[in-house]
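Here is what Swiss-Prot says about this protein:
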TRANSMEM  7-27  transmembrane segment
TOPO_DOM  28-380  topological domain 'Lumenal'
DISULFID  CYS97-CYS157  disulfide bond
ACT_SITE  GLU100  active site, proton donor/acceptor
REGION    102-106  region 'Interaction with peptide substrate'
SITE      LYS159  site 'Transition state stabilizer'
DISULFID  CYS226-CYS234  disulfide bond
SITE      SER284  site 'Transition state stabilizer'
Amino acid sequence: MRKNRELLLVLFLVVFILFYFITARTADDPYYSNHREKFNGAAADDGDESLPFHQLTSVRSDDGYNRTSPFIFIGGVPRSGTTLMRAMLDAHPEVRCGEETRVIPRILNLRSQWKKSEKEWNRLQQAGVTGEVINNAISSFIMEIMVGHGDRAPRLCNKDPFTMKSAVYLKELFPNAKYLLMIRDGRATVNSIISRKVTITGFDLNDFRQCMTKWNAAIQIMVDQCESVGEKNCLKVYYEQLVLHPEAQMRRITEFLDIPWDDKVLHHEQLIGKDISLSNVERSSDQVVKPVNLDALIKWVGTIPEDVVADMDSVAPMLRRLGYDPNANPPNYGKPDELVAKKTEDVHKNGAEWYKKAVQVVNDPGRVDKPIVDNEVSKL
């Protein structure tokens, strides 16, 4: 009987997601890459923490993955470097992240809505749809998405920015999972959201102050979730430091994830279209075809309304909590590594070539930034 309820709930979730995307998304949205062959090697060994047998077998036994598998979740406010992070990890031979699924945060949000409504939650319990049944169904759904939308690998990774708002619940589902929280100066994040016209529920792209307030609320939830999960399970990664010092940061990250070091993570741009696939509708795809460079660090300076600049400390108190100076315009993020400075120079020197590569990976070439001629390194 329990098995039947779990199967019915999984079926409901599948139907819900299919209905959502049929009605809310265009048919040519490439969430899944059908051209890739499956890697049939063994998945990673089970972690130290154990779960009851019926939870371990909630997915097909031949998948090689279960709820104790050491999955990797990358999250953060959109436009905070999550795509760069997943591309660098995708360059590692033992890791596969892939494009945003977009469905995993929605499933987590659906469960959150059920949980918040005492009336709805009680109805589910009375129907025999207990928390355990829901957990098994949602974890099975998440694993099906993670396993099915790309190549198999020893370590599977998911990059959906808003999953980090549910890190505590995800840890309940996947006790051996690791989380990477991408953090970026909120002023840069909001400027990028507005300038690139990234639609996020609740963000008014015509109101910089309101967007800063929304950023502050979102990153506060994510930081609190990360800290609740604990430093052994969740690592905060600052976008600025990843760009300025990629080797030091990636060594820190690979050690945290317990995967061997590989220099390929420093040269992800060489694997685009090979081991790394990009979605032509994601707003960052045209940027991550390029090597790690400094161009995006201070593009926001001079774009913020003066009244918002004056009130920044009160508008976005999380800036100071995260270590940013809300009164610094421009800020001093630090001096870049020599390799990063050279790669930035190459991006400028060969701007036309990188521009051609960028327009090939998007469905709207008009949104791709034109090549930069002036060297911005000296401004940092």
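Positions of Cβ are set from backbone N, Cα and C atoms, glycine also.
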Secondary structure content of the region 'Interaction with peptide substrate' (102-106), with strand meaning DSSP E or B: 4 helix, 0 strand, 1 coil
For CYS226 (disulfide bond), the number of other Cβ atoms found within 10 Å of its own Cβ: 23
Neighbour count (Cβ, 10 Å) for CYS234 (disulfide bond): 25
Integer Cα-Cα distance in angstrom, GLU100 (active site, proton donor/acceptor) to LYS159 (site 'Transition state stabilizer'): 6
For CYS97 (disulfide bond), the one of LYS159, CYS226, CYS234 that lies nearest, given that the recorded positions are compared by Cα: LYS159
Helix, strand or coil at CYS226 (disulfide bond) [DSSP, three-state]: helix
Confidence summary for the topological domain 'Lumenal' (28-380), mean pLDDT rounded: 86
